[in-house]
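Visitor: Here's a structure for you.
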């Protein structure tokens, strides 16, 4: 029977596959599945390359063999690193940034990769902020709906990881808990698939009207008491700035002002957007399709973001970010910790996506029509943690805890701008 899955889904299934005896192949993957894998931030020497050392380049593509479990990464054959494909033939253009660094236009729709933008010190600083600062109130956390989280959760992770945290449903009166349980049973299996129109087509007033009755997501009535150590591993996101409502796929505009966006992160994102020569990025785009990029270096102001916390087995399936009122302004995405296989597609999941290996310190900027491209993370590359994020004897207690957490994980910090400059909210 013919494969009914679109190319993007087939590529996801290939890279996330854990049922075979080895890691999924990065080399000679059929073009019907995806385009050649790009690893534009790899070190010159194989011996300095954690991805190669972990065996990720050891396999050529072959049909999967079911029923055998993966071997430990360090026992896998390393093989030879695949040579970089002909960038020009692959439609990848090199650009020179304002600070002299090299960037790559990895999609003619407006996506730019800057390899190794953050050095080791900057990576440590952003990792520490992501875990120790961005997880503090008033920033919403993925577990906050279900657990009465302590405000100093990361401090407890560092100093008292066995501290127990109770689920919120244990705080309910028995009558209310029973009523919620009955409602949950009545609506079980009826959760509708949310396919909202893009915010930039609905407009602010319509988004606000549709969300007026939103009362928050339902807490789990089955969650049990867990240690801070366990919850830190289960945490999946922290919200910065304007609050994103996951169940409605839109922002909460019920307040006049958002939660303050971290100023250091804002400055970092403004700087990286400011050094990109956008006129070169869009050099081959027809005038009528161009975003208004001329002022981005001056007026880009991120006011919302998500810190994604990945454990090694986690994935992020294909999606399009379309909840901002300006659908072309840059989304800045920063990678930290283990490397990841990132799939960058087009506006159609039938098109074979471009796999990119994103390493710690890399920055990917999606802008223009690239904001409407399907993208996802089907695989965290196990055992690819860079050497500078491994423990050292002179690490402070906080940094030691940061490195303990990232030893099995990856963080992606992304920032975006909800409102275009000068936007006036009348409601």
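Count begins at 1; order follows the chain as displayed.
Cβ coordinates come from backbone N, Cα and C, glycine included.
Copied straight from TrEMBL:
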- 301-413: domain 'Fe2OG dioxygenase' (DOMAIN)
- 319, 321, 375: Fe cation binding site (BINDING)
Visitor: Under a three-state reduction of DSSP output, how is residue 321 (Fe cation binding site) classified: helix, strand, or coil?
Guide: coil
Visitor: Which is it, of 319, 375: the one of these binding-site residues whose Cβ has the most other Cβ atoms within 10 Å?
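Guide: The residue with the densest Cβ neighbourhood is 375.
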Visitor: According to DSSP, folded down to helix, strand and coil, what is residue 375 (Fe cation binding site)?
Guide: strand
Visitor: Please work out the mean pLDDT for the residues of the domain 'Fe2OG dioxygenase' (301-413).
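Guide: Mean pLDDT across the domain 'Fe2OG dioxygenase' (301-413) comes out at 97.
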Visitor: How many of the residues that make up the domain 'Fe2OG dioxygenase' (301-413) does DSSP mark as helix, as strand and as coil?
Guide: 18 helix, 44 strand, 51 coil
Visitor: Near residue 321 (Fe cation binding site), which residues of its chain come within a Cβ-Cβ distance under 8 Å, counting only those 6 or more away in sequence?
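Guide: Same-chain residues close to residue 321 (Fe cation binding site) (Cβ under 8 Å, separated by 6 or more) are 331, 366, 371, 416.
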Visitor: Around the Fe cation site recorded as 319, 321, 375, what other same-chain residues have a C-beta within 8 angstroms of the site's C-beta center?
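Guide: Here the nearby residues are 318, 320, 373, 374, 376.
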